[in-house]
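The structure appears right after this line, and notes come after that.
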């Protein structure tokens, strides 16, 4: 027995997991942010696949991958390197800010102060201070030295907040000395604070759409902003006004990078262009390159002769920067200024494909996906593995070909936001315990021909995902009874990430399948796992069967239609129609039945009629024919499949029965047909 902690105020929970390889060396979706450690040439990239990756930019080899930093479970929106490259701070759509050991790549602590997506970070190098902001309109200030000192026992941290924002914040910037912090939001204005006092200084109007990117000058006197309105604006904080508006892009400006002397702006846009512009003379501009997708972030290479760029795609490219040369002699003997040639791709870190389409097959076990490179793949949701790589085949044709005429209730949903298939289990709109199937249909490789076992997909999967979880304070099993872990049929990959989160809300816990055996993880699961999970995984309770009511009546062509009244019955929805045939023979026609295989259902026991008759040795489905909506029903179909594909009505399912030509019955129907609701 396990005493599970419950909380009346706890929000409804869901469990999700990702079907993926043990090591994902390539980004599988767009890359939102970059940070370069110029001391060792390491480039950190924040992916929409929820993974931060580290690359060696000093090698000319195509294999630049060093390691992955994994603990987020949604887009990583921003990252900053601090403490001379020893630590990294990240912000994510999973509503958390995380502190990392940048050298070893592990998560040191998680900050859960934000209540919505955390979109942006800002860093004051001289003060070792970080600010975070997001869609909850909040800005929090963090002391980095305090964050990096957090431990399991010393896990209390205080933060200062900057108030006054009235809308979602998408951009944030501080100068190195930490005297000015600026935010940009869907208010279309810039708000400025003094982070030393948390006092609001001013707000600046001028943009007409969301302010997506910001840079503050080292002295804190100037701010450069980029907006979805397509403009770049230069602001003088002393004058509290815009002093320059630059129009070099056709669409929104999403990323800005400044030269060290704050004279040149490198901008990346939704129009896919990266442009260098002289700030004081915007007519002096040049196109660095046209990327393959909208530009999300920019960062210098080690010697600042090139710029790394990320986009909606998963590749990371480095482009040579043109230089502005003022020492060119013109034909009249004067001096001209012109740009040297740039725009050459000098390096590329290749990314992987993102899954863009997904179809759940009717058997509700397999899904078929199509990625950004048109590759089609079949995944086994139950076993959490990639089953088959089909290549660049016709996606729609494969879905149609592999869909069987079988109906199983939806028991999971699929989320493709990260570019990898994330499977979500819950108890809300989709009940993860709704899919009962026969073991023959669900796990044919585990079939024992002497049994008619029914399995529940959701129960089996949760047991496999939490196989290694031994809750604290659980009573040791009886020595005569084995301590059952897992589901007894199969295991899932140990590297699979499992996430517990609030429905439509925040992440509460993330761990790998193999890590559930750890003491801290076990305790965290004990405090986090919802009751519906512990009921099946720990208490080994059986989910409830779903019932279907239906009517049974003689077919008009019956030889002896003595009884025409409908009789209403109720059965488990996964009961196959051959069981209904057995019921007709046994209870309606008073004939002896031979079960179709295995042990008959308790409510469908053999009658006591003559067992020596030749007809009684035939299975019921060879003696009785079931009809529904003027269609002969396959005896292998279950009730829910008949209702979905043949009946197709909201009213109770109705069957008509008649004997086949090779079978005649002499029994009197009489009172053998039950007039009351019968449960199978």
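Just so it is clear, glycine is given a Cβ too, placed from its N, Cα and C backbone atoms.
On a predicted model such as this, the values are computed, not experimentally measured, just so you know.
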> Looking at the ranges 567-591, 592-616, 617-641, which is given as region 'Disordered' in Swiss-Prot?
Replying inline: 592-616
> What stretch of 26-65, 71-110, 113-152, 164-203, 350-389 shows the most Cβ pairs under 8 Å to the repeat 'WD 7' (290-329)?
Replying inline: 26-65
> Which residue counts does DSSP give the repeat 'WD 5' (206-245) for helix, strand and coil?
Replying inline: 0 helix, 22 strand, 18 coil
>> I need to check the long-range neighbours of the repeat 'WD 4' (164-203): which residues 6 or more away from its ends have a CB within less than 8 Å of a CB in the stretch?
In response: 116, 119-127, 129, 131-139, 141, 209-220, 223, 225, 227, 229, 235, 237, 240
> Which stretch from 71-110, 113-152, 248-287, 350-389 shares the most C-beta pairs under 8 Å with the repeat 'WD 1' (26-65)?
Replying inline: 71-110
>> Using Cβ atoms and a strict cutoff of less than 8 Å, what residues sit near the repeat 'WD 8' (350-389) while being 6 or more residues removed from its termini?
In response: 17, 19, 24, 26-31, 49, 62, 313-316, 395, 398-399, 402-412, 414, 416, 419-421, 423, 435, 441-442, 457, 460-461, 464-465, 490, 492-493, 496
